[in-house]
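Right, one structure below, let's go through it.
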Amino acid sequence: MAMSYLFALILVMDIIVSGWRFGVDGLSMNYYIMNCPFAEGIIKNTVNMALQSDPTLAAGLVRMHFHDCFVEGCDGSVLIDSTKGNTAEKDSPANLSLRGYEIIDKAKEEIEKQCPGVVSCADIVAMAARDAVFFAGGPVYDIPKGRKDGRRSKIEDTINLPSPTLNSSELITMFGQRGFTAQDMVALSGAHTLGVARCSSFKHRLSNFDTTNNVDPTLDAQFAKTLSKTCSGGDNAEQAFDSTRNSFDNDYFYALQRKNGVLFSDQTLFASGRTRGIVYGYAMNQAMFFLDFQQAMVKMSRLDVKEGSKGEVRDNCRQIN
């Protein structure tokens, strides 16, 4: 009887460990534990040092991960440089303001010294975003590893990135096509608690908005003046999404309640009855936002991952092997 119980216990533990190591898509939390155990530490240290020098890079790393995963899946395709015969994703207008490539390069260089040809650039991007959230004061969470790097990066594929002019219904549809709920979408939008937007992304809200309104009616009148003043500096002038641009918190959702959302795609989350309640919830309960955000980020990190022969581990994150 005791032996049968022991055997059953060992079997259950084996199933648990196997499930922890290998997910349904081939990813696992401890993917590098044997073949590159220092990889995660190297990435954490690299991100930490970079953010100590320039805290604004946290927003860049989180945005890079999002822009990578929404185009061709989480495969590091956003890192690839354009060549004479191919214009890559990073040269799309939607990606010209991306920042933090040098952090990925630095982490990759250090990891290659320890275990060459093992850790993918796609995994480095995903882990760097996770660490950036933590060092900016956001939730602690882990993501499964084992992504391979993709071999395709084309500017035309960036049409799949959400536009700042989309309304709530359009956002729900676009995110839904990738398996996200409306709640996931609002939680992921909360990443805008970090960083800034350029005038070119919101100036359409400030004049000739539609046939009825000159200024976007979902925009607070005083904040509209603030945005107009920002845009007096030109299309590349920057406006922070909320009052704590380098801190990961729920201030973004407070801003939406005050009709101070910078992008139309931000304010629509509060303007729409389908998502307003979620915004209220996150504004009142930061812990709930953190929990939903980390779960949505883990889900996003699994988007269309490459495995086996479908991908590779790049020697240089900026070019295909």
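Heads up, the Cβ atoms here are built off N, Cα and C, so glycines get one too.
The feature transmembrane segment is assigned by TrEMBL to 6-24. As annotated by TrEMBL, domain 'Plant heme peroxidase family profile' applies to 26-321. The disulfide bond feature in TrEMBL is assigned to C36-C115, C69-C74, C121-C317, C199-C231. Under the heading site 'Transition state stabilizer', TrEMBL lists R63. According to TrEMBL, the heme b binding site annotation covers H192.
The distance from the Cα of C69 (disulfide bond) to the Cα of C317 (disulfide bond) comes to 15 Å. Its Cβ taken as reference, C317 (disulfide bond) is surrounded by 22 other Cβ atoms within 10 Å in the chains shown.
Take the Cα of the residue listed as 'heme b binding site' and measure to each of the recorded positions R63, C74, C231, C317: the nearest one is R63.
Looking at C69, C74, C115, C121, the disulfide-bonded residues in this record, the fewest other C-beta atoms within 10 angstroms of the C-beta turn up around C115. Regional average pLDDT for the domain 'Plant heme peroxidase family profile' (26-321) in the model is 96.
Rounded to the nearest whole angstrom, the C-alpha distance between C115 (disulfide bond) and C317 (disulfide bond) is 15. For the pair C199 (disulfide bond) and C121 (disulfide bond), the Cα-Cα distance reads 31 Å.
Comparing C-alpha positions, C231 (disulfide bond) sits nearest to R63 among the recorded positions R63, C74, C121, C317. Comparing the Cα of C74 (disulfide bond) with the Cα of every entry in C36, R63, C121, C317, these being the recorded positions, the smallest distance points to C121. Around the Cβ of C36 (disulfide bond), the same chain contributes I111, Q114, C115, V118, V119, each under 8 angstroms and 6 or more positions distant in sequence.
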